[in-house]
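What follows is a single structure, written as structure tokens, with notes after it.
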Ligand SMILES: NC(=O)CC[C@H](N)C(=O)O
């Protein structure tokens, strides 16, 4: 009886999205996955974002066997040109589509340079438990052994899967599934560039199936407090990079240009150069600019206080977020509050 009941429950879950193949929407935004080179051996020095969504989908006829796929070109850019306006446009489109009963999941094709930023932005503002998978490629569509088609095929399977529901925005390339919060581009040119250093990726794509082994403990998507549905702009937040012999010029320039927040990509565990930079950040803070101490190191925690005396300076720390991801959380935090205690809570929550 118990087994029968369990079977009925699992059948119900399997049928939650209706019988047959899942409905997956592919939103194209550009990047190398949509790039073309001069010849089949051109794998660097090609042009990104030249091929449209129809060509992308037609290149992988196998997609029809795993999902009912529809495509839409949201914009067409190399992702180094990503900006807040594109993010707001993309997030609103994703939320509108996920609110539809006939969309089970979304795949976003994207240039790899800023995948880690777009994915974390969406992780914080998508209002749904349905899967959102961001995918790209390191070799253009015309290259020998192009990685785009297999990456797209796996991304569509993942976006249509029950396993990906509620896992937050996922970045899936090279047969590996990563969480948006932690994934980072790790190599300028190799196909295995996406890594979740130290904390580890979430699982594999193998044999046309996702296999999950872990998930993020941080809040995201349907549980997030951030909402961009009524926003047309985001606050200006800039990143200042730490280095030996550093001066205060960049901090002062960003403040003069109207920054509402500055992420300091410090050396080590987020250390600031004294006496050059700390007074500049103090002055910025007194003018109302929110300062987040992050690190250029790439792994590990930037914790409050210690030598940095964050309470005294009224600085916020980034926890494990790298500077480019800390910038995104700070922008969204500033859409809700300028209270640094509240912003610090957000950095320990997301
Ligand atoms: N591999 C890539 O997608 C890089 C191409 C380009 N720079 C972009 O990010 O869009």
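Any Cβ shown, glycine's included, is placed from N, Cα and C.
The domain 'L-asparaginase N-terminal' annotation in TrEMBL covers 23-216.
Marked as active site, O-isoaspartyl threonine intermediate by TrEMBL: 32. Applying an 8 A CB threshold to same-chain residues 6+ apart, the list for residue 32 (active site, O-isoaspartyl threonine intermediate) reads 46, 48, 111, 112, 136, 137, 138, 139, 140, 148.
Secondary structure at residue 32 (active site, O-isoaspartyl threonine intermediate), as computed by DSSP, is helix. Under the heading active site, TrEMBL lists 32 (among others).
Classification of residue 112 (substrate binding site) by DSSP places it within a helix. According to TrEMBL, the feature substrate binding site maps to 79, 112, 113.
Under the heading active site, TrEMBL lists 112 (among others). Note on residue 112 (substrate binding site): other Cβ atoms within 10 Å of its Cβ, all shown chains, come to 22.
The feature domain 'Asparaginase/glutaminase C-terminal' is assigned by TrEMBL to 236-347. Note on the domain 'Asparaginase/glutaminase C-terminal' (236-347): mean pLDDT across this stretch is 97.
Residue environment of residue 113 (substrate binding site) contains 18 other Cβ atoms, counted within 10 Å of its Cβ in all protein chains.
For the domain 'Asparaginase/glutaminase C-terminal' (236-347), the DSSP counts in helix, strand and coil order read 44 helix, 23 strand, 45 coil. If you take the C-beta of residue 79 (substrate binding site) and look for same-chain residues 6 or more apart in sequence within under 8 angstroms, you find 29, 30, 31, 48, 110, 111, 112, 113, 114, 115, 118, 136.
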